[in-house]
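*Asks:* The 5-amino-6-(D-ribitylamino)uracil binding site annotation in Swiss-Prot covers PHE22, ALA56, PHE57, GLU58, ALA80, VAL81, ILE82, PHE113 and rests on sequence analysis. According to Swiss-Prot, the feature (2S)-2-hydroxy-3-oxobutyl phosphate binding site maps to GLY85, THR86, ARG127, an assignment based on sequence analysis. Taken from Swiss-Prot, the feature active site, proton donor applies to HIS88, supported by sequence analysis.
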Amino acid sequence: MKIIEGNLTAQGLKVGLVIGRFNSFIVDSLVKGAIDTIVRHGGSEDNIEQVLVPGAFEIPIVAQKMAASGKYDAIVALGAVIRGGTPHFDYVAGECVKGIGQVALNSGVPVSFGVLTVDTIDQAIERAGTKAGNKGEECTLAAIETANVLKQI
């Protein structure tokens, strides 16, 4: 029986980061975590391309264009949506996650979900590098591993 399993080697991988700028005081830490993770796992900053968009809602359409370009082995979506007093959070977060999932399925390029969807600023801070780790790092590891699995299939 053959078992296909990915590894965490980023050497030679071309990774696109699509970054929602809204809540940049949080997102900047996610981006740093993503870049550090790629480099720590043998990747090169020369093989990383950052594409900045206004916010989380715009991430899926840009990720779709990036995936269709054929330039990337993996795409990492990074952003932060923090709940406020209106239903706006639900619409933005829901459409973002749905759109990112569709891009991955339709393109065959792994698109890792590193968009924080949290109730409070404290929760966002925790997930951007303090108590709960850095979700930018975690989703980048998932993107690296998935890209390596797909290369074997």
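Using N, Cα and C of the backbone, Cβ positions are placed for all residues, glycine too.
What you are looking at is a predicted structure, and each value in this text was computed from that prediction instead of being measured.
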*Asks:* Would you mind reading off the Cα separation of GLY85 ((2S)-2-hydroxy-3-oxobutyl phosphate binding site) from PHE22 (5-amino-6-(D-ribitylamino)uracil binding site), to the nearest angstrom?
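*Replies:* Cα to Cα, GLY85 ((2S)-2-hydroxy-3-oxobutyl phosphate binding site) and PHE22 (5-amino-6-(D-ribitylamino)uracil binding site) are separated by 17 Å.
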*Asks:* Out of THR86, HIS88, ARG127, the recorded positions in the record, which is closest to GLU58 (5-amino-6-(D-ribitylamino)uracil binding site) when you go by Cα distance?
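*Replies:* If we rank THR86, HIS88, ARG127 by Cα distance to GLU58 (5-amino-6-(D-ribitylamino)uracil binding site), first place goes to HIS88.
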*Asks:* In whole Å, note down how far the CA of ARG127 ((2S)-2-hydroxy-3-oxobutyl phosphate binding site) lies from the CA of ALA80 (5-amino-6-(D-ribitylamino)uracil binding site).
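*Replies:* Cα-Cα, rounded: 10 Å.
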*Asks:* Could you tell me the maximum Cα-Cα distance in Å between the residues recorded as binding (2S)-2-hydroxy-3-oxobutyl phosphate, namely GLY85, THR86, ARG127, rounded to a whole number?
*Replies:* 23
*Asks:* What's the CA-CA gap between the residue listed as 'active site, proton donor' and PHE57 (5-amino-6-(D-ribitylamino)uracil binding site) in angstrom, rounded?
*Replies:* 11
*Asks:* Taking the Cβ of ILE82 (5-amino-6-(D-ribitylamino)uracil binding site) as centre, how many other Cβ atoms lie within 10 Å?
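*Replies:* Cβ-Cβ neighbours of ILE82 (5-amino-6-(D-ribitylamino)uracil binding site) within 10 Å number 18.
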*Asks:* Just the number: how many Å between the Cα atoms of PHE113 (5-amino-6-(D-ribitylamino)uracil binding site) and ARG127 ((2S)-2-hydroxy-3-oxobutyl phosphate binding site)?
*Replies:* 13
